[in-house]
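Okay, structure first, notes after.
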């Protein structure tokens, strides 16, 4: 059965509802974030807002305090889910490096035989034009592509994200092109919710002081929940309020958090800045681009592509019914020629082959055919001496002779052994009988 994209996804993301929602690998942190929002609001509704329902009798305005708190909390949670449960702008990985950028360098690599082997290379960076200015883009080894401008690879999610801002652990997702707007609204709405709860708690303390608890200490002692919520909202406001102010600055200058921290000391010109108003319009008034990934689509298997450095396999030699690999064939034939050379020269052996052909045997017998016949008559016994060959042999069919070089130390050893008469094999005896 064919698998879907989310089932074979190579990133570190987590999917639920059959790939409809995508989260980062630290999605468990959402539970903490939701708790930090929901629990204080529940405490506020039970211990503070409930006592304010009848404080504004006109049009029952006191109920609005409770309704606003609940509605605002739901709004913040929806923004959080829109930030953390959608594709932030992941660029799909390539199945192979960009072949149009390949180049071969034959000046460095040398194989075991001393020959130069070209190595595959391509540039690690290249320049593209953005608003009339050259911008360098880098090659991503993991995703096997050149990252578009403002794109960066997130080490936590293991994906290249377009217009990468940062990876936020509080929402368990990368912040990029497709969810930055919702992230900013989530942070700013959380700051407003803190201000709202803080203000309503302070208002309730004021009502207590106007009633039966004339001093601040007595009012706070009567409603400790209000005091705890005020302290909590004050501390949280430093965090979410600070983030809101910082991202307002980034939006006005058309920067990302990644660019601001990385290039702030370079004093380089920001080629993406189009003016404060246009920068805000770009973030809040442009249509969100559709995702480049269809996580529920079925995976289409591609045929394996040969490597650029791969060489075609050499066909095996076939002599009759005796099949051998090319290396074994070369060694056996080389051993036979060496033993023949101990008794006569190669020229004499060629003359004998010609005499055999003239005697009525049809066709032209090559050295390989003669040696192959000897191999079938006398099996390999392991006493043959190895040969060192200088030229790569493509095929011995139809050729009269090949160039074989004998290692000096092997040739000396073979000569001394042959002189003592102890190395005459069965194949040499058959060659002598043919003579």
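Every residue, even glycine, has its Cβ placed from backbone N, Cα and C.
With a cut-off of 8 Å between Cβ atoms, the residues of this chain six or more beyond the transmembrane segment (21-49) that come close are 6, 12-15, 65-66, 69-70, 73, 76-77, 80, 84-87, 156-157, 167, 169-174, 190, 193, 197, 200-201, 204, 223, 225-226, 228-229, 232-233, 236, 295. The transmembrane segment feature in TrEMBL is assigned to 21-49 (among others).
As annotated by TrEMBL, transmembrane segment applies to 61-83 (among others).
Per-class residue totals from DSSP over the domain 'Palmitoyltransferase DHHC' (138-262), listed helix then strand then coil: 74 helix, 17 strand, 34 coil. Positions annotated as domain 'Palmitoyltransferase DHHC' by TrEMBL: 138-262.
Positions annotated as transmembrane segment by TrEMBL: 182-205 (among others). Tertiary proximity for the transmembrane segment (182-205) is limited to same-chain residues at least six positions away from its ends with a CB under 8 Å from its CB atoms, namely 37, 40-41, 44, 48-49, 51-52, 65, 68-69, 72-73, 75-76, 79-80, 82-83, 165, 168, 171, 175, 216, 219-220, 223, 226-227, 229-230, 233-234, 236-237, 240-241, 243-244, 247, 251, 283.
Long-range contacts of the transmembrane segment (225-251) within the same chain, counting only residues at least 6 positions beyond its ends with a Cβ under 8 Å from a Cβ of the stretch, are 36, 40, 43-44, 46-48, 184, 187-188, 190-191, 194-195, 197-198, 201-202, 204-205, 257, 260, 279-280, 283. Per TrEMBL, the feature transmembrane segment maps to 225-251 (among others).
Per TrEMBL, the feature region 'Disordered' maps to 301-322 (among others).
Taken from TrEMBL, the feature region 'Disordered' applies to 349-404 (among others).
Sequence annotations record features per position, and here TrEMBL assigns compositional bias 'Low complexity' to 393-404.
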Long-range environment of the transmembrane segment (61-83) - Cβ separation under 8 angstroms, sequence gap at least 6: 30, 33-34, 37-38, 41, 44-45, 49-50, 52-55, 168, 171, 173, 175, 179, 182-183, 185-186, 189-190, 192-193, 196-197, 200
Taking the domain 'Palmitoyltransferase DHHC' (138-262) alone, what is its mean pLDDT? 94
